[in-house]
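Quick look at what TrEMBL annotates:
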{"type": "TRANSMEM", "residues": "29-51", "note": "transmembrane segment"}
{"type": "TRANSMEM", "residues": "71-90", "note": "transmembrane segment"}
{"type": "TRANSMEM", "residues": "184-205", "note": "transmembrane segment"}
{"type": "DOMAIN", "residues": "222-313", "note": "domain 'SV2A/B/C luminal'"}
{"type": "TRANSMEM", "residues": "330-353", "note": "transmembrane segment"}
{"type": "TRANSMEM", "residues": "360-381", "note": "transmembrane segment"}
{"type": "TRANSMEM", "residues": "387-407", "note": "transmembrane segment"}
{"type": "TRANSMEM", "residues": "419-442", "note": "transmembrane segment"}
{"type": "TRANSMEM", "residues": "448-466", "note": "transmembrane segment"}
Amino acid sequence: DDIKIGGSIPIVYTYFTEFLQMDKRGEHLSWLCMFWMLGGLYASFTAWGIIPHYGWGFAIGTEFQIHSWRIFVFVCLFPALAALIGVVFMPESPRFLLENARHDEAWMVLRNVHDTNWKAKGEPERVFTVTNIKTPQTQEDEFIEIQSDTGTAFQRWTVRHMTMLQQVMANIMSLSAPELRLQGLFLIIIWFCMAFSYHGLGVWFPDMIKYMQYEEYESKVRVFHRERVERFHFNFSLVNQVHREGEYIHDKFANIEIKSVKFEDSLFENCYFEDVKSTNTFFENCTIKNTVFYNTDLWQEKFKDCRMENTTFLHPKKGCHMNFQEENDIVIYMVSFLGSLAVLPGNIISALFMDKIGRIRIIGGSMLVSAACTFLLLLSFSQGAVICWQCLFYGASVAAWNGLEVISVELYPSAKRGTAFGILNGICKFAAILASFIFAAFIGVTKIVPIFLAFAALVCGGLVALKLPETREKLLS
């Protein structure tokens, strides 16, 4: 899925740029960026509303359980279907039409763009007076000649696609031309720094909150040692407990939830488990004799190095189980939703001021403000403080993302714009992967290193951004 989405992002921005007038280009591209935030809100809100509800599911027989996370995946299908339907009604790129010798269609698209833009300005009477359109250089004739000189359909297909590949490679190499080399290097540095800090902290924030929750949870664990329970009916939940060397004889566990419980070196003899739901529960080095498990989600992975004697599993709940009814897990979904919501003010501000103060000031200022928010994370010692600075960081950094995406499509000519944006987006994904590994490695070790790395990357990227040329008055070629 990431491969498919990553391939569409460069096309969306470069395509949309072809239809925008210069004085509103930055604003409208920023509004387009805001829909990424709306998608994040949709995903985080539906995840928060659906996944934690363990009962939101159904079974197909006894072998396959449709749990709440599968329902969430299905709900996420709707925006993709809406986008697929929307593409059908979108006009084709005028440049693409010209390169494929479809001049009349290109002229009609450009006329519609002209009429729509002047109507929005309150001057619908303006007439589209263009009669001649300069056709971009194309190699369509070369394709036709190659196809006519080859024999089989496979040969024609091979020659055509190899020629297209050579064109793409030539386009990539042209990005290293002297006039594009320096600004391309600056963009690579800024994209890398921004992605490294943003996605690295995107991993660090929820993991750090979960670790703080885990530490608090561990401090409240109850330990039972060598307890003997005989002929007892457990009809209440067992939560955050450790049972060592216990003996459970003729006991019944029915209609209960077992959360974060570990049984170590314990004996279960003639016991009966029915309708048991478990989360983070394990049996280690236990002996289980003459025991029945009926309609439970206790499966083999829950029993580590256990000895089973005459033990029966009836109607087990198989499949991928996710039980998020614990309060701590719900907090993580709330944090994700708040992080997605926090970028709304930054999106609106960047859209309104992108064409007024320029792309460079938006990018540089946003990255330096984000660096300050990152540095202040050193003073955060509670979950609430971390969540607060997370929201401020996301709200400040989104303006830099918008400015970076706008200037990336404006710096390059049309023939190279999609290729350049695709390469920069690939560098962004590489930085995100690298940051995810690095930042995750320091969870529970120290927070100084991740915060310093993010701070340094943002300051570096913000200062380099000031070296880029301003493009808000640039006429796209």
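Backbone N, Cα and C atoms are what each Cβ position is placed from, and that goes for glycine too.
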Which residues of the chain, 6 or more past the ends of the transmembrane segment (448-466), have a CB below 8 A from one of its CBs?
186, 189-190, 192-194, 196-197, 200-201, 204, 360, 363-368, 370-371, 374-375, 377-378, 397, 400, 404, 438-439, 442
In contact by Cβ distance (the transmembrane segment (29-51), the transmembrane segment (360-381); 3 or more pairs under 8 Å):
no
Give residue numbers and ranges for long-range contacts of the transmembrane segment (29-51): same chain, 6 or more residues beyond its ends, CB-CB under 8 A.
12-13, 16-17, 20, 68-69, 71-72, 75-76, 79, 322, 324, 330, 333-334, 336-337, 339-341, 343-344, 347-348, 350-351, 354, 398, 401-402, 405-406, 409
Averaged pLDDT, computed only over the residues in the domain 'SV2A/B/C luminal' (222-313):
92
Tell me the residue counts in helix, strand and coil for the domain 'SV2A/B/C luminal' (222-313), as DSSP assigns them.
3 helix, 59 strand, 30 coil
Using a Cβ-Cβ cut-off of under 8 Å, list the residues of the same chain that are 6+ residues beyond the ends of the transmembrane segment (387-407) and lie near it.
13, 25-26, 29-30, 33, 37, 187, 190-191, 194, 197-198, 201, 205, 209, 335, 338-347, 349-351, 354, 359-360, 362-363, 365-367, 369-370, 373-374, 376-377, 380, 458, 461-462, 465, 468, 471
